[in-house]
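Novice: What TrEMBL records for this protein is below:
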COMPBIAS  26-55  compositional bias 'Low complexity'
COMPBIAS  91-104  compositional bias 'Basic and acidic residues'
DOMAIN    126-247  domain 'MI'
DOMAIN    290-411  domain 'MI'
DOMAIN    425-546  domain 'MI'
DOMAIN    588-705  domain 'MI'
REGION    22-55  region 'Disordered'
REGION    85-111  region 'Disordered'
Amino acid sequence: MASSEGFLTEEQRELLKIATQNAEVLSSSPKSPTLKSPKSLLSERQVKAPAGGKAATAGIAVRHVRRSHSGKVVRVKKDGAGGKGTWGKLLDTDGESRIDRNDPNYDSGEEPYQLVGSTLSDPLDEYKKAVVSIVEEYFSTGDVELTASDLRELGSSEYLPYFVKRLVSMAMDRHDKEKEMASVLLSALYADVISSAQISQGFVMLLEAADDLAVDILDAVDVIALFIARSVVDDILPPAFLTRAKKTFSETSKGYQAIQTAEKSYLSAPHHAELVERRWGGSTHITVEEVKKKIAELLREYVESGDTLEACRCIRELSVSFFHHEVVKRALVLAMEIQTAEPLILKLLKEASEEGLISSSQMAKGFDRLDKSLDDLALDIPSAKCLFQSLVPKAISEGWLDESFLKPFGENGEVEGKDDEKVKRYKEEVVTIIHEYFLSDDIPELIRSLEDLRAPEFNPIFLKKLITLAMDRKNREKEMASVLLSALHIEIFSTEDIVDGFVMLLESAEDTALDILDASNELALFLARAVIDDVLAPLNLEEMATKLPPNCSGSETVHVARSLVAARHAGERILRCWGGGTGWAVEDAKDKIIKLLEEYETGGVVSEACQCIRDLGMPFFNHEVVKKALVMAMEKNDRMLDLLQECFSEGLITINQMTKGFARIKDGLDDLALDIPNAEEKYKLLRRACQEKRVGAAFFWFRYC
């Protein structure tokens with residue numbers, strides 16, 4: 001068959017058949033190259049017939065000849081494998097495989113595998129990202145409960161110290177509002193979500209990063225110091241943290257400077273608690289007093305309306321689940337005050353418990369707090385104890401108070417039995433005496449009141465009441481309690497009384513911690529302060545430890561107190577742990593005492609010298625005034641005795657401080673003899689001079705010399 005396009009020979013037909021079969025096989029191969037059509041394959045072999053209509057059989061072999069569109073004959077390689085303008089060898093699969101993703105039959109599994117390297121994710125990195133989001137959301141919403149819930153859901157409690165660091169560092173670079181919010185959040189999360197140790201560890205991490213933070217935040221040292229001071233004031237950091245942390249930093253580091261600033265500028269200032277709390281404009285949330293006021297109002301409204309659902313809604317809106325024990329306590333007190341309201345109050349507490357609004361721990365804590373304050377409450381509600389004893393079985397029988405609460409009422413370690421009524425009356429009276437002392441700061445009046453009670457066998461109970469009431473108040477009252485102990489020691493309290501009183505406190509330390517979160521650390525400070533004030537000897541701490549069960553909370557408190565006393569510069573720090581001093585170092589105070597005595601010696605007026613002593617503002621350190629004055633009197637000037645007599649008669653220097661000053665001189669006579677010849681003989685002359693000056697108050701303090 002002839003045509004203008006030529007014809008197929010038998011050989012060409014055979015090639016076309018083979019190409020068609022191979023094309024079907026290759027189409028099913030996942031690695032097949034782009035296929036060529038049979039006609040195209042054929043065109044590689046096809047040669048145009050000459051004009052005579054016969055195939056060329058001479059010159060160039062037919063299967064090795066190819067004619068281009070231009071009419072030029074192109075010679076190809078053997079088997080059609082390449083050459084300029086050719087498609088390559090038939091079944092050539094050596095080239096790069098190409099897959100068309102637009103092909104309807106495209107299968108992603110045909111793609112060649114490619115290994116991609118990836119780094120393993122660090123759990124801390126993931127935690128850091130989540131924490132930033134949580135803190136940002138908190139700064140936007142101010143929702144403490146939501147933030148606490150998010151932290152619990154996040155898990156990884158071992159990374160909570162990082163949360164503390166990140167929260168504070170993010171707040172540092174923002175306005176005072178966010179700084180205040182950060183402090184409020186830490187107080188809310190304390191104990192329930194974040195432990196005391198984790199908060200301390202978080203602040204250590206923050207102090208370690210202080211040098212880096214100071215690069216971006218110019219006042220980083222001052223802001224960190226203020227956060228630390230605020231945490232101490234809020235009782236989420238123990239004062240001992242400052243001493244422990246300071247040892248881990250060099251004096252040139254920003255972290256050390258921040259600790260110094262917190263200690264000297266903020267925690268040693270008069271009324272420092274109020275100043276620190278208001279430094280950032282006060283709380284963005286309602287204060288504790290405001291919460292108490294709102295609780296009282298909603299309970300009064302509930303008694304009038306009887307609407308339990310509305311009362312529960314109001315409690316929920318307070319958003320202080322960690323403070324619900326106050327709701328329980330105030331509700332029970334209201335039930336005692338208005339006995340007709342008792343059924344309504346019990347109904348509310350039962351409903352709140354069943355809804356899960358008030359947890360079992362908060363319920364028990366509320367009952368326990370009321371149990372411990374029954375003596376005070378009995379002054380206003382005489383039948384308070386009987387009413388409380390009737391409420392407890394009802395709550396247990398209805399299932400919203402744990403049965404473990406049903407126990408004999410009375411404080412551990414105190415005298416009970418046939419003398420119980422006498423002890424009860426004594427406690428009522430000393431509570432009133434202590435409250436009056438906190439208001440008046442009149443130590444002589446308190447001593448007279450105690451002597452009028454004529455119950456020295458109950459002195460340990462007085463000490464326990466004094467320290468317990470002081471721990472639940474501000475630093476001013478804590479300082480007053482320590483000063484009072486120094487005044488009572490030797491005068492009317494024996495060392496055994498004080499040891500027994502502290503043992504009673506240590507035995508009930510776990511119960512006290514339910515009301516005062518940092519009770520253990522504060523009690524340790526009271527013990528350490530008693531040692532520094534020479535009210536207790538270090539050996540007395542060991543004696544207390546032997547009277548307590550091993551591994552109990554009280555034993556740990558004694559151990560902490562011993563560590564505080566043994567620390568470097570312990571005296572200076574412990575004397576000012578509650579702002580008792582003016583922030584000066586002990587050496588500064590000694591220098592000022594020497595200067596005022598020298599001025600008096602050179603012709604000063606007694607009244608002016610007394611005023612200078614008063615201006616020092618360190619009554620617990622007046623024994624140093626006595627010691628220095630006596631040394632100067634032994635050296636050259638008897639006028640110093642007139643000054644001491646005047647100070648005592650004015651009540652400026654107490655008997656305890658006077659006695660301590662003389663005792664220090666007597667104990668240091670061997671050392672004084674190196675500077676003052678015949679020091680012991682001169683000390684005896686001073687005693688004789690005291691005897692000769694039996695004028696006014698001098699007679700009374702002479703007998704202690």
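Just so it is clear, glycine is given a Cβ too, placed from its N, Cα and C backbone atoms.
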Novice: Looking only at the recorded stretches 126-247, 290-411, 588-705, which one has the largest tally of CB-CB distances under 8 Å to the domain 'MI' (425-546)?
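Specialist: Against the domain 'MI' (425-546), the leading stretch is 588-705.
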Novice: Tally of helix, strand and coil residues over the domain 'MI' (126-247) according to DSSP?
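Specialist: Per DSSP, the residues of the domain 'MI' (126-247) fall into 98 helix, 2 strand, 22 coil.
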Novice: Quick one: mean pLDDT on the domain 'MI' (290-411)?
Specialist: 83
Novice: With DSSP helix as H/G/I and strand as E/B, how many residues of the domain 'MI' (425-546) fall in helix, strand and coil?
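Specialist: Once the DSSP states are binned, the domain 'MI' (425-546) shows 100 helix, 2 strand, 20 coil.
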Novice: Please spell out the DSSP helix, strand and coil residue counts for the domain 'MI' (588-705).
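Specialist: Result for the domain 'MI' (588-705), in helix, strand, coil order: 89 helix, 0 strand, 29 coil.
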Novice: Please spell out the DSSP helix, strand and coil residue counts for the domain 'MI' (290-411).
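Specialist: So the counts come to 93 helix, 0 strand, 29 coil.
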